[in-house]
Amino acid sequence: MSLEDPFFVVRGEVQKAVNTARGLYQRWCELLQESAAVGREELDWTTNELRNGLRSIEWDLEDLEETIGIVEANPGKFKLPAGDLQERKVFVERMREAVQEMKDHMVSPTAVAFLERNNREILAGKPAAQKSPSDLLDASAVSATSRYIEEQQATQQLIMDEQDQQLEMVSGSIQVLKHMSGRVGEELDEQGIMLDAFAQEMDHTQSRMDGVLRKLAKVSHMTSDRRQWCAIAVLVGVLLLVLILLFSL
């Protein structure tokens, strides 16, 4: 199987989440079957955990469906047999049906009626029936479960507090970096101004040098012209001298 295919990673997470949800669902069903008023804390915690777990599973199933769509759109890349692809679709459909079954039970009229009746009994402080010894044992188990839930909530609160402290430290570091970046930006702006002034000075110096070079070229041209006239005068003088000598002979 291609290492780029993420199906099996997500599938394992979904299977584990469904198993956890089934455990919560079983406990939730047991709470619905108890004749005495159920503790609000345990019932609320179980209901919320189950509802959140089912919602998370649905999101994971959507991810699995996306991976199946990717494989179907790129059969040459993944080279997945048709039987394996169908097996994946069956798995997603089976998990979705299990999730939907639990969701339907949670919103069924029977469950809603029980929750409303349980809330009324808790508020009134009156149990629905006389507690038997087995009910007392169940109450003891519920009390132990409540203590466990309280401990877990306290642990989660400590973790959240530590995360808040870490976020504050990160926020402080970000502020320091922001201040440093502002200082660096100001220094870069100052250096840019200095470079602009230096460029202007270089342009002015270049202009002055061009003027000097033009003057030197002009003087050099004038000097060259004088030398040419002097040479012509000397040649004319020599020619006249030769003519005089020829005629004198």
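Placed from the backbone N, Cα and C atoms, the Cβ positions cover glycine too.
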Select, from S35, S143, S171, the one residue given the annotation phosphoserine by Swiss-Prot. S143
For the candidates S134, S207, S220, I need the one that Swiss-Prot annotates as phosphoserine. S134
Per the Cβ under 8 Å criterion, with at least 6 residues separating them from its ends, the coiled coil (41-69) contacts 5-7, 10-11, 13-14, 17-18, 20-21, 24-25, 27-28, 31, 85, 88-89, 91-92, 95-96, 99, 102-103, 106, 115, 118, 142, 145-146, 149
So if I draw a 10 Å sphere around the Cβ of T110 (phosphothreonine), how many other Cβ atoms end up inside it? 9
